[in-house]
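The structure appears below as structure tokens.
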Amino acid sequence: MTEILRNVVIYMDLMMLPEFVKLALFMLAVFISNIVQALTGFAGVMLSIPPTILLYGPDMAKAVINAICWLVCALLMYQNRQYINPKELLRIVVFMLVGMAIGIHLYNVVNPQILVPLYGAIIVGAALKSLIFKQSASALPNWIAIPVLLGAGVIHGMFASGGALLVVYLVATFRDKDSFRANVASVWTILNLVLMFNDYEKGLYNAEFFELLGLGVIPLVIAIYLGNKIHDMINQKMFNRVTYCLLLAAGSMILI
């Protein structure tokens with residue numbers, strides 16, 4: 001109870017900051033998170049949502065960060081279209097859409113406190129396994145791959161944060177950093193349209209949304225440039241380590 005009250009106080013304190021300070025912090029969060037997003041094709045939302053929620057509340061934060069993420073992913077998808085595997089992309093999107101439909105239903109039926117720790121534990125376990133042990137050269141068998149994709153969709157439908165579980169599948173499927181980034185960005189370009197439509201239906205695309213989106217584009221352009229440069233500079237081994245460390249961070253944040 002004390003921890004909840006402390007979080008509420010922090011949230012209210014940040015909401016009361018002068019507007020120019022809030023905008024500066026928001027633009028900094030967009031800049032840092034999207035260097036990582038452009039580098040790997042994922043994790044931008046994971047890194048930028050928490051501070052933006054504290055600044056502008058959960059609904060506006062999710063709406064504007066989802067839109068920014070879509071812009072980055074759509075650009076990465078276009079720039080790296082030669083690395084996209086259409087058959088694999090279709091498989092991922094279909095299973096995740098089915099999972100998302102299930103997740104949206106389960107959100108009103110199942111206690112999230114049951115699923116969230118299990119989800120976090122799976123992500124941490126997968127990340128540690130990949131960091132400690134040598135990766136298998138073979139892709140995931142269907143009896144593992146399909147539940148992982150469905151599970152990623154379920155979590156995304158419930159909490160809009162199924163990306164970490166999707167990455168578990170993608171790192172086993174795409175061994176090349178360019179293919180990995182192109183296909184993960186393509187998945188989010190398609191699936192984020194569903195989330196953006198929901199945000200539009202909720203009436204979140206208002207004047208504040210467009211102000212934040214417009215200001216967010218400024219650091220976003222620089223972040224994409226830097227992320228692409230870093231992506232080209234690092235080798236496959238370093239790329240894999242960055243990916244697994246981000247997975248470990250995502251799982252740990254969920255468990256905490």
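Numbers run from 1 along the shown chain.
Glycine too: its Cβ is placed from the backbone N, Cα and C atoms.
Since this is a predicted model, take the numbers as computed values, not measurements.
The transmembrane segment annotation in TrEMBL covers 20-40, 60-77, 89-108, 114-132, 144-174, 209-226, 238-255.
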Next on the checklist: Do any residues, 6 or more residues outside the transmembrane segment (209-226), come within under 8 Å Cβ-to-Cβ of it, and if so which ones?
Outcome noted: 23, 26-28, 30-35, 37-38, 56, 60, 63-64, 67-68, 71-72, 75
Checklist entry - What residues in the same chain, six or more past the boundaries of the transmembrane segment (144-174), come closer than 8 Å to it by Cβ-Cβ distance? => result 42-43, 45-46, 62, 66, 85, 88, 91-92, 95-104, 106-107, 112, 115-116, 119, 122-123, 126, 130, 135-136, 180, 183-184, 187-188, 191, 195, 240, 243-244, 246-247, 250-251, 254
Checklist entry - Counting Cβ pairs under 8 Å that sit 6 or more residues apart, are there three or more between the transmembrane segment (238-255) and the transmembrane segment (60-77)? => result no
